[in-house]
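Listed features, source Swiss-Prot:
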- His80, Gly121, His122, Ser123, Gly153, Ala154, Asn181, Tyr288, Glu370: thiamine diphosphate binding site (BINDING)
- Asp152, Asn181: Mg(2+) binding site (BINDING)
Amino acid sequence: MTLDISKYPTLALAETPDELRLLPKETLPTLCDELRTYLLNSVSQSSGHLASGLGTVELTVALHYVYNTPFDQLIWDVGHQAYPHKILTGRREQMPTIRQKGGLHPFPWREESEYDTLSVGHSSTSISAALGMAICAEKEGQNRKVVSVIGDGAITAGMAFEAMNHAGDVHSDMLVILNDNEMSISENVGALNNHLARVLSGNLYTSIREGGKKVLSGVPPIKELVRRTEEHLKGMVVPGTLFEELGFNYIGPIDGHDVVELVKTLKNMRELKGPQFLHIMTKKGKGYEPAEKDPIGYHGVPKFDPAHTSLPKSSGGKPSFSNIFGDFLCDMAAQDPKLMAITPAMREGSGMVRFSKEYPEQYFDVAIAEQHAVTLATGMAIGGYNPIVAIYSTFLQRGYDQLIHDVAIMNLPVMFAIDRAGLVGADGQTHQGAFDLSYMRCIPNMVIMAPSDENECRQMLYTGHKHQGPSAVRYPRGNGMGTPIESEFTALEIGKGRLVRQGEKVAILSFGTFLANALEAAEALNATVADMRFVKPLDEALIRQLANEHDVLITIEENAIAGGAGAGVIEFMMQEKIMKPVLNLGLPDKFIHQGTQEELHEELGLDAKGIEQAIRHYLAK
């Protein structure tokens, strides 16, 4: 449903940045108010990311007003906050389609718009990319400006600091804007720093910092304190000390909701040479009281009525796999005081809220630091504890070296609870959990499990927790199938699958939650169906039996076919000279766009009807 733009008269004049730059500066506050209201009304009708964008309205307007985009290059880290950017860059009328199949991409996307300089989705990539672009811009000599906008969560990641460290050394012209909406860096900041930011006086910063050190050092009672905690004190007086030490000229913090002051500051900073760092303070959810009070709850929202003060509650029913994991953690921790649960900033999404409250001493949120999360678990395992790393499939990619080098080589008992395995739906290419079976299956010592339903998931989590080596349980986004969940824990036999349906000629080997689809297809084909359970080690005896008793084997998984579970079946059969035709069904060799999970399964032929058709087509060859 398209909104009536006549209700937003100033916004109607700014469909593109070129039009925006024609507006008088005094109209910008009105534009921001209309843009914020438009964003709220649009997302409430379509669903999507809300609170982050509400907090970056003034910054977005100011950036496009000051910088000559798309010639000047603007990069949004992660991209949750980029909805206002999409609205102002010619995509306003398409906003109702965002995150939907065939609609606007959920994040900035190069194929979608020339204003989207970098395709994003994962955090903390913007500064590295901006530096690369800035280096090239200097070589071209066209006075192109490069700006990176990064949040206070994303900037905690190691990659961001690696990039800033290099940028300070290379000294290219670029601007990093820290969108700080949590007061995480500047709790002790007062009026002095706001004044210094407005006058943009780096020399004054330096004199105050150095002069303050001299004054404090001359006072005997605190002379020793200053000597021992000099860096801490500098950080209290000047929050940008860290960034200045990395080679940036630090300005801020300033009010990120004063669009006129932002424009003045950005115009001044646009002409500065070398790496610049602007620290702005914003409020996530700005302008919509429920989102201001609950920015986490309103980070990503379903369709809702903005007139109501709360989001619609889910209808209940079948539990999500994330909640099954959360319940497992609580139940297991009641028995095992050495259980340690680690998450890289995914407490809510991974179903760990209850556990974090009931067992706070066994819960560790390491922020956006996947590499650290994995090796932290290594240390805990060496210390005699039982760590569980709760992580999305797409984010485990970032800790791959640590998985191999720090866990698997030492054969340590670390379990990975891999959420969002398979197609996640609306977040698109950057978030699909398409590769974990492929990138884990080649690692020695790994035990990899793929449950077919919620009870099997619970028992596999228990199996992995008790296993004396590295293990992984991968499960999809969304709710289970309604299978009754046994409260009692039962360890599964490692590497053993089970026959679910006996048929003739065709045997379907199902890895994971496509089992229900496989069974439905098997009814039409009178095929045998096996729930393989383990991707590694494979149930080789069961594969041999099925190959001996059937003419054709079909494997199905919600993972890339290349290198996945089905590839493992073929490798085993070729090694054993078992010459039977095998059809691998799974995700094709391409990045899968956004859409609902159901839409994507149907499009890729992975629903029951598609599986049946694929098998019939294969048999007809």
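Every residue gets a Cβ built from N, Cα and C, even glycine.
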- Nearest of the binding-site residues (His80, His122, Asn181) to Asp152 (Mg(2+) binding site) - Cα to Cα: Asn181
- Between the binding-site residues Asp152, Glu370, whose Cβ has more other Cβ atoms within 10 Å than any of the rest? Glu370
- Among His80, Gly121, His122, Ser123, Gly153, Ala154, Asn181, Tyr288, Glu370, which the record lists as binding thiamine diphosphate, the farthest-apart pair of C-alpha atoms sits at a distance in angstrom of 32
- Query: Where does Asn181 (thiamine diphosphate binding site) sit in the DSSP three-state scheme?
  - Reply: coil
- Please compare the binding-site residues His80, His122 by how many other CB atoms fall within 10 Å of each one's CB, and tell me which has the fewest. His122
- Message: Which secondary structure state does DSSP assign to His80 (thiamine diphosphate binding site), in the simple three-class scheme?
- Response: helix
- Message: Suppose we draw a 10 Å sphere around the Cβ of Gly153 (thiamine diphosphate binding site). How many other Cβ atoms does it contain, all chains included?
- Response: 19
- Item | Chain-internal residues near Asn181 (thiamine diphosphate binding site), provided their CB is under 8 angstroms and they sit 6+ positions away | Gly55, Gly151, Asp152, Met281, Thr282, Lys283, Lys284, Pro295
